[in-house]
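Colleague: As listed in Swiss-Prot for this protein:
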| type | residues | note |
| --- | --- | --- |
| BINDING | Cys64, Cys67, Cys70, Cys123 | [4Fe-4S] cluster 1 binding site |
| BINDING | Cys74, Cys113, Cys116, Cys119 | [4Fe-4S] cluster 2 binding site |
| DOMAIN | 54-84 | domain '4Fe-4S ferredoxin-type 1' |
| DOMAIN | 104-133 | domain '4Fe-4S ferredoxin-type 2' |
Amino acid sequence: MAGSPEPKSMREQFWDPIAGFGVTFRTMFKKVVTEQYPFDKYPTAPRFHGRHQLNRWPDGLEKCVGCELCAWACPADAIYVEGASNSDDPDGGERFSPGERYGRVYQINYLRCILCGLCIEACPTRALTMTNEYELADDNRADLIYEKSDLLAPLLPGMEQPPHPMRLGDDEGAYYRGEFAAPAPTAPGSSTEAGA
């Protein structure tokens, strides 16, 4: 037949497997160049795109103003934001950010997120950034939908848990223009801490 290959000779049938094993044996004793990932973790690049983080102002107020631009920019539709109004009303008013609004509900679905960073570019207040944390695997799908409490940056010394009034300026413009100094740490039981 015109299309069938010629049968291999006994010599070719003998040497072909030995040549293949020769490649295996030659590389078996060379130095390993792969990273042994679960056991040896190497640092990521400084601008690595990992898990998201919602940032805070130096007094502890949230930078997110609930504008939903990050959700609109997301090509994977992985971000859900619900905004609400801040209030300085003495009768039960709460302030979570210096702006008129804040992100009451903030969710990122890491089952859908492609870690592209378009949400970071869209954020007008630099409230959303990406950390170097990349181990997001989980055995439960529900745990991969991160809520606002999972995404908020931790409180540093001198910060106060919102809701509380603006401490760094008289209006939101002072926050956005950077016309403030870092707040002094409050002593336990002080009037500013008790009033919050």
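If you go along the chain as it appears here, the first residue is 1 and each next one adds 1.
A Cβ is built for glycine as well, from the same backbone N, Cα and C atoms used for every other residue.
Help me understand the surroundings of these features in the structure.
Modeller: Taking all protein chains in view, 18 other C-beta atoms sit within 10 angstroms of the C-beta of Cys67 ([4Fe-4S] cluster 1 binding site).
Secondary structure from DSSP puts Cys116 ([4Fe-4S] cluster 2 binding site) in coil.
Counting same-chain residues at least six beyond the ends of the domain '4Fe-4S ferredoxin-type 1' (54-84), those with a Cβ under 8 angstroms from any Cβ of the stretch are 95-114, 116, 118-129, 148, 151-153, 155, 158-162, 164, 166-168, 175, 180, 182-183.
Sequence-distant contacts of the domain '4Fe-4S ferredoxin-type 2' (104-133) (same chain, at least 6 residues past either end, Cβ-Cβ under 8 Å): 43-44, 48-55, 62-67, 69-84, 141, 144-148, 151, 176.
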Colleague: Between Cys116 ([4Fe-4S] cluster 2 binding site) and Cys67 ([4Fe-4S] cluster 1 binding site), what is the CA-CA distance rounded to a whole number of Å?
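Modeller: Answer for this pair: 20 Å between alpha carbons.
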Colleague: In the same chain, outside Cys64, Cys67, Cys70, Cys123, whose C-beta lies within 8 angstroms of the Cβ mean position for the [4Fe-4S] cluster 1 site?
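Modeller: Along the chain, the qualifying residues are Val65, Gly66, Glu68, Leu69, Val81, Gly103, Cys119, Ala122, Pro124, Thr125, Ala127, Leu128.
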Colleague: Highest CB neighbour count within 10 A among the binding-site residues Cys70, Cys74, Cys113, Cys116, Cys123?
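Modeller: For the binding-site residues Cys70, Cys74, Cys113, Cys116, Cys123, the Cβ with the most other Cβ atoms within 10 Å is Cys70.
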Colleague: Tally the residues of the domain '4Fe-4S ferredoxin-type 1' (54-84) by DSSP class, grouping H, G and I as helix, E and B as strand, and everything else as coil.
Modeller: 5 helix, 9 strand, 17 coil
Colleague: Could you name the residues, excluding Cys74, Cys113, Cys116, Cys119, of the same chain that surround the [4Fe-4S] cluster 2 site, i.e. Cβ within 8 Å of the Cβ centre of those residues, in sequence order?
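Modeller: The answer, listed by sequence position, is Cys70, Ala73, Pro75, Ala76, Ala78, Ile79, Ile108, Ile114, Leu115, Gly117, Leu118.
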